[in-house]
Every structure is written in C-alpha cells, then in structure tokens.
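Working notes, structure below.
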Amino acid sequence: MKKIVILDYGVGNLYSIKKAILYTSNKVDVEITNNIKKIKNCNRIILPGQGNIKKCISLLENKDLYKEIIYIIKKKPVLGICIGMQILFKWSEEGPNKGLNILKGKNIRFSYNIKKVPQIGWNKIFKINNHFILKNINNFSFFYFVHSYYIKSKLFKNINAITKYKKNNFISIISKDNIFATQFHPEKSSLQGLKIFENFINWNP
C-alpha cells in the first residue's frame, strides 16, 4: 500500500484532497501531517493549495522544516496544488519573498487593471507538453481555479499546459523530474480532477 502525505503547512482544503484521493483508490494510505518522520517514510507528497505563501513558509520555518522539506521534495514524487505549486519557486510578490527555490521562476500577481481578481471558477487548459499524469485528460479540459497570483518561468520545456485569464496567459501545469504541479484545484475539478489524482498515484518518475 502506497503511503501519501498531504503536507500540513497551515493552508485549507486538506480533507477535500484526502477524500478525493481515497475515492480514486483503496490501495493508498493518506495522512495529513507535518511530522518529519512520517514525511520521510511516505511514498508520495502532496503540497496543498488555498492560502498564502507567507503562512506556509512561516509554519515550515517555525517547525524547523524548511530545509528538510526541500531535501525530501527532491527525492519523492510530488504533486503541488495552487499554493503548493507556487511555493516550489524561488520568489514571490506575495510576502515573504522566498519560496522553496526548487524550480526557477517567480510568483506574480494578476494585473491591478483586471477587475475580477482572484480568478474564481472553471477555466480550460491548453496542453503544450504531455505527461503521464495527463493520461486520459483531453486538451481544453476545464478545471477549477482560485488564485490571485501565477507563475512566470522560463522553464519552457517543463510547461505542460497554459490557461488564459482576461489578457494573461499563465502556466497552469508544470513538471520537472519527480515534481508535477497545477495552478488549479484537482479536488474541486470533478472527474478530470480525480484523473489527476489517480494518475499521480500510478506515476513512477
């Protein structure tokens, strides 16, 4: 049985993610925790979304987990969701300025000229590079987004999908080696979101 840890770093929606994963498979053990021993012993890690980077980084630093998490993330299959995607990068306009600095890029806010920020609701992805976790997910599929910030990165070969919001084209899926990250929330994205979790469980990078 595969052990999956949903990292508890002070952001919401953890139990919705756990429920979605267990719905897709009865061959996984899912735990919400920030216990370093349990994180080291798990097979896969999910970095959840919905919150802000400042709170996530502060909790990791307060529990002396910041450096440990960076090391562990480089060794296991990882799924980053929303904030869990943004935190993987070096820098953010949303303070504090640092992320985990595992991927090259920065987290920036949608333009203040856009009236409706955050983006909340369904939007479609435009697939650029395929990936195992996108198996059985069609191009132009709709997923559920809730965010005011997005990633800007020059890791072009690692970008799997982009999404358009108003006049902004932003990265909605990016992957590198053992890391797969989405700006949208799979746990809120109906059957397509469940496919993301199912494929993540079966992925062997």
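Note: Cβ is positioned from N, Cα and C throughout, glycine not excepted.
Any TrEMBL annotation is an automated prediction that lacks curation.
Feature annotations, reproduced from TrEMBL:
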- CYS82: active site, nucleophile (ACT_SITE)
- HIS185: active site (ACT_SITE)
- GLU187: active site (ACT_SITE)
- 5-200: domain 'Glutamine amidotransferase' (DOMAIN)
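Mapped onto three states, the DSSP output places GLU187 (active site) in helix. Between the CA atoms of GLU187 (active site) and the residue listed as 'active site, nucleophile' there is a gap of 11 Å.
Shown are the active-site residues CYS82, HIS185, GLU187; of these, the residue with the fewest other Cβ atoms within 10 Å is HIS185.
The distance from the Cα of CYS82 (active site, nucleophile) to the Cα of HIS185 (active site) comes to 7 Å.
A mean pLDDT of 93 is what the model gives for the domain 'Glutamine amidotransferase' (5-200).
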